[in-house]
Amino acid sequence: MNESAALNESGVGSPESSWLEAEAFDVNRTLALSSAALEFHVNPWDIMLCLSGTVIACENAIVVAIIFYTPTLRNPMFVLIGSLATADLLAGIGLILNFAFQYLVSSETISLITVGFLVASFTASISSLLAITVDRYLSLYNALTYFSEKTLHYVHLMLVGTWGVSLGLGLLPVLGWNCLDDASTCSIVRPLNRTNLTLLATSFFVIFALMLSLYFKICKIVCRHAHQIALQQHFFTTSHYVATKKGVSTLAIILGTFGASWLPFAIYCLVGERDYPPVYTYATLLPATYNSMINPIIYAYRNTEIQRSIYMLFCGCFQTNGSYRSRSPSEV
């Protein structure tokens, strides 16, 4: 009797005690799961890069589809614009895949493949911009022979060179030019080593210098043509002045946008060290991705032929009464 009373008083074996212990266990387990969930966090910079890649992929997918399914967009200028849009489309997809693999599948092999894919895509994008600049220069310098087979041959050679070099640079990290075996050789963009990143930055400065030189020559040709037209008409009208000023301003915007997007990251690739805070890399890399977001607006959506194709694609009721022909880059 005394032992039973003692057990009842102590509460051992009572239903109320068992229920309290089970409830306490559930609370502790819930807290443990909550703390584990809090430990898994996503870098806001990675989210912004992923969002940037999504916008880039959507914009350029429309351009690629329009050029591919429109038979009239087959001259050299649109072939190069299609190459640029394809490169930017792949870059956008690469940014999305990089975000997914980084947080879902952690693997050094996948990291190498993703980084190599991004290097190849962005290199092809920048090289395509150089090819478009060369094409615009040829359309002004050799205006009479621009639509010949020789120009198409040059365009095909530029495309082969653009994608061949880009693919080669993208394969370098996968083939062993990385810092996975020696962390001391890492650059600000892991797993690229310092030498690899220096090569990429130097290549960018060479391309930028060539584009700057070609656009300067294009400006000289445009101004000379405007002056010749003024001499033929014996006066320089306001419309000629406005058109010339608008053409030069457009070229300045194109080159300025490209430089503002990529120059900060290219310079930081040369001066940055691997032990610098990652925020510096993100802060210079994110604006560089914006160039692929702006490219379709500058080179595609502002073009009247592509606008016409978009109307036909989405409306299906856009009709033209007059004859239609594709224009050269100099006319555009």
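Cβ from N, Cα, C; glycine included.
According to TrEMBL, the features are:
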type	residues	note
TRANSMEM	45-70	transmembrane segment
DOMAIN	59-299	domain 'G-protein coupled receptors family 1 profile'
TRANSMEM	77-104	transmembrane segment
TRANSMEM	110-134	transmembrane segment
TRANSMEM	154-177	transmembrane segment
TRANSMEM	197-216	transmembrane segment
TRANSMEM	248-267	transmembrane segment
TRANSMEM	279-301	transmembrane segment
Does the transmembrane segment (77-104) come close to the transmembrane segment (197-216), meaning at least 3 CB pairs under 8 Å for residues 6 or more apart? no
The average per-residue pLDDT within the domain 'G-protein coupled receptors family 1 profile' (59-299) comes out at 86
